[in-house]
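Colleague: First the structure, which I've put down as structure tokens, then a few questions once you've had a look.
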Amino acid sequence: MEEANQTEVGETSTASRKVITLEPKVVIKKGISTLGFVFRLFAVFGTIGSALAMGTTQESVVSLTQLVLLKAKYSDLPTLMFFVVANSVAGGYLVLSLPVSIFHIISTKAKTSRIILLAIDTVMLALVSCGASAATATVYLAHEGNTTANWPPICQQFDGFCERISGSLIGSFCAVILLMLVVISSAISLSRH
């Protein structure tokens, strides 16, 4: 009996070998979830970076014709304040959703949390795109002005202010694109269940 359980030198026991098989569906789901996590992580940098850049923007210049100190701050314009709030809320949500996104990479069968995340991701996409669109209109007026309304462009005087708010818009629109990719990857992942 003992001789049957022993293996000879040079032979391998079939009981100790494990065969690992990768199911293509599981690999694809994990790949899509990983891609969604990467998009989400970069969107965090886009939203928070844009909010910080806009929220810390201010410039003061001396008007030589009137001998007055002129100041420009993001908080002087409500659309830029909305931009900062929208990007801050979306950035905070994205940071909080990162652990759930990691959970989705590990557990490919989680469906309810994916649906909840997809719904909130869609709301955050709308919020960030609204904030970026509203701020774009204000930044356009700052650069070009409006002769019909008798609004002169302020970027001739506040060039540093205008460069910084324009740069924060670029980051926010990159975050919008990344959030679109997050929503698409989440939808693809859900459709494969």
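Yeah, the Cβs are placed from backbone N, Cα and C, and that goes for glycine too.
Look at TrEMBL and you will find 30-178 tagged as domain 'Casparian strip membrane protein'. Summarising the annotation, TrEMBL assigns transmembrane segment to 37-57, 77-103, 115-142, 169-190.
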Colleague: Using a Cβ cut-off of under 8 Å, list the residues of the same chain at least 6 residues beyond the transmembrane segment (115-142) that approach it.
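Modeller: Residues 47, 54, 77, 79-80, 82-83, 85-87, 89-90, 93-94, 97, 100-101, 104, 151, 153-155, 158, 161-162, 165-166, 168-169, 172-173, 175-176, 179-180, 182-183, 186-187, 190 contact the transmembrane segment (115-142) from elsewhere in the chain.
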Colleague: In the domain 'Casparian strip membrane protein' (30-178), how many residues does DSSP put in helix, strand and coil?
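Modeller: Its residues fall into 111 helix, 14 strand, 24 coil.
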